[in-house]
Protein chains: 2
Amino acid sequence: MITAARGSTLTARNWQTEAALRMFHNNLDPDVAERPDDLVVYGGTGKAARDWPSFHAITRELTGLSEDETLLVQSGRPVGVMRTHEWAPRVLIANSNLVGDWATWPEFRRLEAQGLTMYGQMTAGSWIYIGTQGILQGTYETFAAIAAKRFGGTLRGTLTLTAGLGGMGGAQPLAVTMNGGVALVVEVDPDRARRRVETRYLDELATDLDAAVARVERAKREGEALSVGVIGNAAEVLPELLRRGVDVDIVTDQTSAHDPLAYLPRGVELGDWSDYAATKPDEFTDRSRESMAEHVEAMLGFLDGGAEVFDYGNSLRGEAKLGGCERAFDFPGFVPAYIRPLFCEGKGPFRWAALSGDPADIAATDRAILELFPENESLARWISLAGERVAFQGLPARICWLGYGERHLAGVRFNEMVASGELSAPVVIGRDHLDCGSVASPYRETEAMADGSDAIADWPLLNAMVNTASGATWVSIHHGGGVGIGRSIHAGQVTVADGTALAGQKIERVLTNDPGMGVIRHVDAGYPEAASVARERGVAVPMDR
Amino acid sequence: MITAARGSTLTARNWQTEAALRMFHNNLDPDVAERPDDLVVYGGTGKAARDWPSFHAITRELTGLSEDETLLVQSGRPVGVMRTHEWAPRVLIANSNLVGDWATWPEFRRLEAQGLTMYGQMTAGSWIYIGTQGILQGTYETFAAIAAKRFGGTLRGTLTLTAGLGGMGGAQPLAVTMNGGVALVVEVDPDRARRRVETRYLDELATDLDAAVARVERAKREGEALSVGVIGNAAEVLPELLRRGVDVDIVTDQTSAHDPLAYLPRGVELGDWSDYAATKPDEFTDRSRESMAEHVEAMLGFLDGGAEVFDYGNSLRGEAKLGGCERAFDFPGFVPAYIRPLFCEGKGPFRWAALSGDPADIAATDRAILELFPENESLARWISLAGERVAFQGLPARICWLGYGERHLAGVRFNEMVASGELSAPVVIGRDHLDCGSVASPYRETEAMADGSDAIADWPLLNAMVNTASGATWVSIHHGGGVGIGRSIHAGQVTVADGTALAGQKIERVLTNDPGMGVIRHVDAGYPEAASVARERGVAVPMDR
Ligand SMILES: NC(=O)c1ccc[n+]([C@@H]2O[C@H](COP(=O)([O-])OP(=O)(O)OC[C@H]3O[C@@H](n4cnc5c(N)ncnc54)[C@H](O)[C@@H]3O)[C@@H](O)[C@H]2O)c1
Ligand SMILES: NC(=O)c1ccc[n+]([C@@H]2O[C@H](COP(=O)([O-])OP(=O)(O)OC[C@H]3O[C@@H](n4cnc5c(N)ncnc54)[C@H](O)[C@@H]3O)[C@@H](O)[C@H]2O)c1
């Protein structure tokens, strides 16, 4: 069983490598990872290391690495150590990348079976997954945006229907109840559902569909905030709920649809899943796509009935289309629908983790955030809700969406707190790959860009290079996260606040340039909001001078 | 008309940005570029900047950029300037990158027509093209390898048949005659052919096919080294030569087959080419693929007759296969056939250019190379042949293949020569993207890898990141160079030797780590030659400790 070291004593040679080591191990902590024995962290088969020999070699290399060396990781396997310099990242990571014509699931799986690659998802292979909280604020903000758009600012008295209670999907019920609404969540695997109850993301698990429906209808009527899980296959339960005419207000989904082998087709037993998928991947894929088509048909039924329906970034529409559902793209993805205006300000899922392991350190950073941005009410609401309701998994961590001009203030402040002893050990500051300027993903982050540049993938590569050039501690470039192989390219960065003056300079550069990529990406695509942000906050845009 | 500034006076604020500026302009010098008015440098439509406004903005930004700022270039358009630090690259470039499912020529062209991207080829969009010499040594080494393998060490008395006299293809006749052989080169565009005669890459141009055949057959008989060009379409001329039973020993091709719109189909007039391709790209593509299939059928005929036949890295086999030629992949690509053993040693097309514009600076570096590696005979032969026979284009430059443990010695020496005044101004040191550890390209550089990892694209991304982290002056990541959209991902780096101690350190790091990527990439793929190089020269390989 792997857990990250805690406390303020180094096990590696410096805090930069200690940080990478602790976060790498933290990703595989049984409280954090979905299937740590298989090195799987979250999101289908998103892994932290290719195999156990690679795990041990990475651990050994990080333990011995000096302040001017850099470890290279190729799809979860350590392949080199090179002498660089003290401003350089300590780890450079490239996961799951394939040349375009070969960027398909079957080819990926063929190479994976030969031990040549692994699926890195987003924060799994880049060592900054922090458990379900990681997606919680994004989900909370998304539902808050829907509440604002359609329901007068609150989800009170509304019913949200969704599926998937995995590592990310598990955030949905809590995000709905934090917005005052009722959630009904379909999950095929009882263990997953129980885990969400244990970690307080899900309020209760119904014994069957009738009970679930009765419970959520009453809560909706009474304006109670409540989340109910029900065991079943989404491809069966959603059509059934549509037939019954249940009055649903919002429909989405977070099963692992990005990987057809990680979505259970109708009529397949839970116990047969892994064997069947492993032995007959093509047949399984056909069947899961067919089921996704039926699943999406039901969502379209709710759409036609007036519900707010959206794809929550798992490629469900794309796979359903391949399964024969012509109208799959009739409802939008969540980014163009609710998130893009935030991206134009350089906002995205900023996060940090306390390497001490001490929740008091996060409490101190929470207070610091409130002091830094006193005028930001929704941020204040989130920070206090999170303090009350979020159970930490592994190293204590916090997420909140901050924009250009804000992130570096928080980072520099945290670094000062480490220096002054207000925090008991260094913290790492990173983000999801799902950020404003770090992804090309035409079914999700870059869906329906104003200028049609959805598929242009230069941006995440520039993002990785500029973070490498700005002093990030580790930087990663991944392929296929979120929406699956062939459908996305994205980059991540994590920077250590160890209290030194050098770390302060690096943090200032990285946390300016990284969200700066989001601003310039959206300026370039023609978003006037982004152009104003650039002008007002001083982001240099050569073609606009 | 654009030419790079010469001499030792700065036009920008420091030598790092001056170097980028001069090399950017040099790429568009009419003596260097194939179609400078369209910003096209070489290789079909490989461009240095997206459009003229971008050209002017890049020029302006580079002129004003400070020593701790970095310019970001997205497919030939400047999109940002960010504050970094003095070890960071001054320019970061990402060209032509698309998400996998969208990585096709039609989608690329649709986006290009909207002004959203450009084709960067390899050294066009990364500002280190040095004219036809750039490919000359690689081609020379390739033919030398064939001579060694099949013809007792010389091409004397052999006939090589090939096509394409463009920016790269123009190197073929000279490379053959430098190896003592006879070359017959088919080119459809008389202007291109004449240009090669003017620059002394091609000895003569025949009036018609009969004259050409008579001339090369006599030269072959008499053991004369001679290159003859003939105007015609390869898809017609090669089948005709096969029918006539001309005794050809070696067959290859370097038309722009990677881009079906840049290969002229049989039966289309030269004058109609660009209009036809622009107005009916799909029909044109079908026809050019059909022609390539006939072209390759003829090559297979020569193969069956016992000739040495290989694909010279232009995707001709891939396109011919799409055009219906089933056996297209019956002959190998040149990398697995001749070049991979060099890659295992970290060898590749190392090159440098004299920013002074003074040929004497290159002569001095030539002498330095001979002094540094006195035991390397083939290198000595190349350097003296190049000194005699290579006409400089634009800024004087030199190319030679050096490996791990050699490149940094040359770079550090050049930097000392700048410091001491032996050179009259700084030099830039770079390479082609076609290098040992910087490309994923299953039809070319990574064809038939020992472990089947041809399509794994993590390596070029790690290469770009580690160069960014080692002190390179500009770094680029491109998609689709050489073999076309969807078929490759590759990275480039250029580092300035300005005579400072800091530049010396950067050069030492970059020119160790960059070829080091080639060594570890081939160790990881299971090449024992690479494993020996790593052991003997001290390249750290974590999984082998
Ligand atoms: N929107 C975002 O911001 C975002 C972020 C990260 C990941 N994602 C995507 O969300 C999806 C879920 O991620 P995750 O980490 O929760 O994955 P996960 O693999 O941990 O969980 C998926 C869950 O879906 C369940 N499931 C599979 N098929 C089902 C079916 N037919 N009916 C009901 N339940 C079924 C599984 O049992 C599992 O519990 C992935 O596709 C991921 O790529 C979205
Ligand atoms: N092997 C290598 O190391 C290497 C390096 C760089 C580029 N390349 C590839 O080599 C190819 C040539 O590159 P380039 O820079 O010379 O390109 P280019 O566009 O400058 O020249 C191509 C030439 O082919 C001619 N041509 C086109 N169709 C023809 C036909 N049917 N018959 C006869 N001639 C025809 C054109 O007129 C042109 O002169 C490209 O595909 C490029 O990607 C290979």
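Just so it is clear, glycine is given a Cβ too, placed from its N, Cα and C backbone atoms.
Residues or ranges marked as active site by TrEMBL: B:CYS400. According to TrEMBL, the feature NAD(+) binding site maps to B:43-44, B:GLN121, B:167-169, B:GLU187, B:ARG192, B:233-234, B:254-258, B:263-264, B:TYR312, B:GLY482. Taken from TrEMBL, the feature domain 'Urocanase N-terminal' applies to B:2-128. Summarising the annotation, TrEMBL assigns domain 'Urocanase Rossmann-like' to B:131-338. Annotation source TrEMBL lists domain 'Urocanase C-terminal' at B:341-535.
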Secondary-structure category, per DSSP, in which B:TYR263 (NAD(+) binding site) falls: coil
Nonlocal residues around B:GLY482 (NAD(+) binding site), in sequence order (Cβ under 8 Å, 6 or more apart): B:GLY43, B:GLN121, B:MET122, B:HIS258, B:GLY313, B:ASN314, B:SER315, B:HIS433, B:LEU434, B:SER441, B:ARG444, B:GLU445, B:SER488, B:HIS490
Euclidean distance between Cα atoms of B:CYS400 (active site) and B:TYR263 (NAD(+) binding site), Å: 30
Per-residue Cβ crowding (10 Å cut-off), top of recorded positions B:ALA234, B:CYS400: B:ALA234
Residue among binding-site residues B:GLY167, B:GLU187, B:ALA234, B:SER256 with Cα closest to the Cα of B:CYS400 (active site): B:GLY167
Cβ under 6 Å from ligand 2: qualifying recorded positions of B:GLY167, B:SER256, B:CYS400: B:GLY167, B:SER256
Nonlocal neighbours by CB distance (under 8 Å) for B:GLU187 (NAD(+) binding site), same chain, sequence gap 6 or more: B:ALA163, B:GLY164, B:LEU165, B:GLY169, B:ALA193, B:GLY229, B:VAL230, B:ILE231, B:GLY232
For the binding-site residues B:GLY43, B:GLY167, B:SER256, B:TYR263, the one whose C-beta sees the most other C-beta atoms within 10 angstroms: B:TYR263
Secondary structure of B:ALA234 (NAD(+) binding site) (DSSP, helix/strand/coil): helix
Per-region confidence, the domain 'Urocanase C-terminal' (B:341-535) (mean pLDDT, whole number): 96
Residues of the domain 'Urocanase N-terminal' (B:2-128) by DSSP state, where helix covers H, G and I: 41 helix, 25 strand, 61 coil
